Amino acid sequence: MVTMADEQVRTLGECRIDSPLAALLRTGPTTKHYVDESDRVLLDDTVSLVAARGVPVEELPGFEPGGPRRKIFFDPSKTRVGIVTCGGLCPGLNDVIRALVLELTNHYGVRRIFGFRNGYQGMIARYGRSVVDLDASLVAGINEYGGTILGTSRGNQDPDEIVDCLEQLSVNVLFVIGGDGSMRGALKIAEVVAERGRRIAVVGVPKTIDNDIPYIERSFGFQTAFAKATEAIRAAHVEATAFPNGIGLVQLMGRHSGFIACYAALANNDADYVLIPEVPFSLDGPGGFLAHLRARVVSRGHAMIVVAEGAGQEFLLDSASSLDASGNVRLQDFGRYLRHRIAEDFAAAGVEANLKYIDPSYTIRSVPANPYDSVYCIRLAHAAVHAAMAGRTEMVVGRWRGRFVHVPIALAISSRNLVDPDGDLWMSVLEATGQPPVFA
Ligand code: F6P
């Protein structure tokens, strides 16, 4: 169970410098749309969850709110900043980079910002340490494009070498834009910084289209990615309804978490089945998925299936396979397997089937952010700059219960955000698809 101590954000020292943003700040206490810096954003949001804690209000677990502080830790005129993007692509990376640079230069007056190229590799001598100076003109318009102007890579690098690099460039603040693997790396960097007695802030902006980082409600780029995925579902559905016994099958990214599959399916409201890693299912037998699908196609003339790539891995023989550079298990192709099993099942039953399979794969994460995600990216970047300039470290910025908050990295990597099979999202999927709660 998460306690107040787990949510405590580490600070490099007392904030003594007047913030250049102080004039913009309201001076009163928390209101409906503003959380005072001394307040906390509660972890729980129902009466029963709060009551179950059995502690006085002031001991309820809650996050430090994001936003500008009246006093800051770093003197902007002497502050040097580094920015790195790591791991798989995600819509909005360039929006975050640009917003970090503009906030640091235009509002805080920071004069030197380094961009490390190709993820953590850009900080390592053996890869030819690749650093670029970032300024407002260099980042102009980059948010119009997908990908990251800095480049990215998977895999962590030696944290000692990274801190050597930060020290040699006299960097005081490092922003890491990355997923859970990159945040594990960021935590190690912050630990080495602490061991060396250095005052370098390490602040993360959590990134993943899978939306699988806990305590941040929703990761940037997720909304754009599932919106793009709806195009594949729409196409497969058109195909499925145009042919006798048509079946549309779309496989979407989502290694451990089926959020993209659920949201894309709900957005179209055309899916009859959604299969995700969090909800196990049987393929064979009278109560299995294949029998149910065949019965539906025979009675209704078509069916639309959405699968998350991490679903059904247990059906694939060699699923105990290798790891990628980030330590993720390399998945087997369940979509293709299912396509084959459906064809086999219909053929064995002597029923015609016209199956159209689409896997939009990387096309959903290489696009620019949509306007909603762009706004979110900018606001996350602003919150990250405010936190770092106030000397916060070993933390990521997030949004919880609709408020910007500071989450210690240790907490953000302590678990995975999963679709709850007993929760209201999965209930909505069952309601929209009409699929049975269990294929057994
Ligand atoms: O982690 C996000 C993600 O988009 C997963 O859904 C997907 O399995 C993975 O990245 C693929 O990334 P790559 O092929 O670049 O390693």
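Using the three backbone atoms N, Cα and C, a Cβ is placed for every residue, glycine included.
The ATP site in TrEMBL is built from Arg154, Gly155, Gly179, Asp180, Gly181, Ser182 plus one of Gly88, Gly92, Gly246, Gly248, namely Gly88. The substrate site recorded in TrEMBL includes Thr208, Ile209, Asp210, Met253, Gly254, Arg255, Tyr362, Thr363, Ile364, Arg365, and the single candidate from Glu144, Glu309, Glu314, Glu431 that the record places there is Glu309. Highest local Cβ density among the binding-site residues Arg154, Arg365 belongs to Arg365, counted as other Cβ atoms within 10 Å over all protein chains shown. Between the C-alpha atoms of Gly88 (ATP binding site) and Thr363 (substrate binding site), the distance comes to 13 Å.
Mean pLDDT, taken over the domain 'Phosphofructokinase' (80-387), works out to 96 on the 0 to 100 scale. Residue annotation for substrate gives Thr208, Ile209, Asp210, Met253, Gly254, Arg255, Glu309, Tyr362, Thr363, Ile364, Arg365. The furthest Cα pair among them is separated by 16 Å. Each of Cys86, Gly87, Gly178, Gly185, Ser326, Asn328 belongs to the same chain as Gly88, Arg154, Gly155, Gly179, Asp180, Gly181, Ser182, is absent from that list, and has a C-beta within 8 angstroms of the C-beta centroid marking the ATP site.
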